[in-house]
Amino acid sequence: MSGESARSLGKGSAPPGPVPEGSIRIYSMRFCPFAERTRLVLKAKGIRHEVININLKNKPEWFFKKNPFGLVPVLENSQGQLIYESAITCEYLDEAYPGKKLLPDDPYEKACQKMILELFSKVPSLVGSFIRSQNKEDYAGLKEEFRKEFTKLEEVLTNKKTTFFGGNSISMIDYLIWPWFERLEAMKLNECVDHTPKLKLWMAAMKEDPTVSALLTSEKDWQGFLELYLQNSPEACDYGL
């Protein structure tokens, strides 16, 4: 089965057939923030696509032929071409498909977006550390790290004097960093943006975007997934289905 809410494919499953002409396939996982980047771009650009969910706790053998790292997201087109690594898949979609351009044409503005992505780059690993941390001392130290990283992003918005990181409308960089901010509430980390008012306004503006709101995961589902994921349960990726 394919689709956003289809159960994931695991070890022993048969590989899906060829991608139909005129479509593109994303190998994804419903709760993965890296895969969400690519799903946001697919939705924002209105690209016809199918979704194959992968069980990351029980990966199918054939999936390593799609991506030697065994990670999502992976894109596969009807020519059998494979593209992986989330930021690369997003740039590919923007260049390969018509419609709204999410990356700026201007080389300097494009470079600015990539530099902001570098400024953000510690946040995903901090989220991973926070999820796995076991004691209050770890929590306190990690929360301080989050505040430091968010201050850097606050400075970008302050200097730009715009609502979004690429200007006055949503662009690629906003979609690339959003999935981790979406999860702050579920992880009880909202207080880490209390000192960054412009970042809080950006988060509120992002939730108003039709693409973002269509792909939001409820706090309950995210916490349910996380509980099973930390137990290494193969059922984690299908939580709520």
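In case you wondered, yes, glycine gets a Cβ from its N, Cα and C as well.
The structure displayed is predicted, hence computed values, not measured ones.
If you check Swiss-Prot, you get these features:
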MOD_RES   Ser2  N-acetylserine
DOMAIN    22-101  domain 'GST N-terminal'
ACT_SITE  Cys32  active site, nucleophile
MOD_RES   Lys57  N6-acetyllysine
BINDING   Lys59, Val72, Glu85, Ser86  glutathione binding site
DOMAIN    106-230  domain 'GST C-terminal'
MOD_RES   Ser129  phosphoserine
MOD_RES   Lys143  N6-acetyllysine
MOD_RES   Lys148  N6-acetyllysine
MOD_RES   Lys152  N6-acetyllysine
Provide the number of Cβ atoms within 10 Å of the Cβ of Glu85 (glutathione binding site), excluding the reference atom itself.
16
Give the distance between the Cα atoms of Glu85 (glutathione binding site) and Lys148 (N6-acetyllysine), rounded to the nearest whole Å.
26
Cys32, Lys57, Ser129, Lys143, Lys148, Lys152 filtered to the recorded positions whose C-alpha is within 10 Å of Val72 (glutathione binding site)
Cys32
Taking the domain 'GST N-terminal' (22-101) alone, what is its mean pLDDT?
98
Please state how far apart, in Å and to a whole number, the two most distant Cα atoms are among Lys59, Val72, Glu85, Ser86, the recorded glutathione-binding residues.
18
Work out how many Å separate Ser86 (glutathione binding site) and the residue listed as 'active site, nucleophile' at their Cα atoms, rounded off.
11
Secondary structure at Ser86 (glutathione binding site) (DSSP, helix/strand/coil)?
helix
Run through the domain 'GST C-terminal' (106-230) and tell me, per DSSP, how many residues are helix, strand and coil.
93 helix, 2 strand, 30 coil
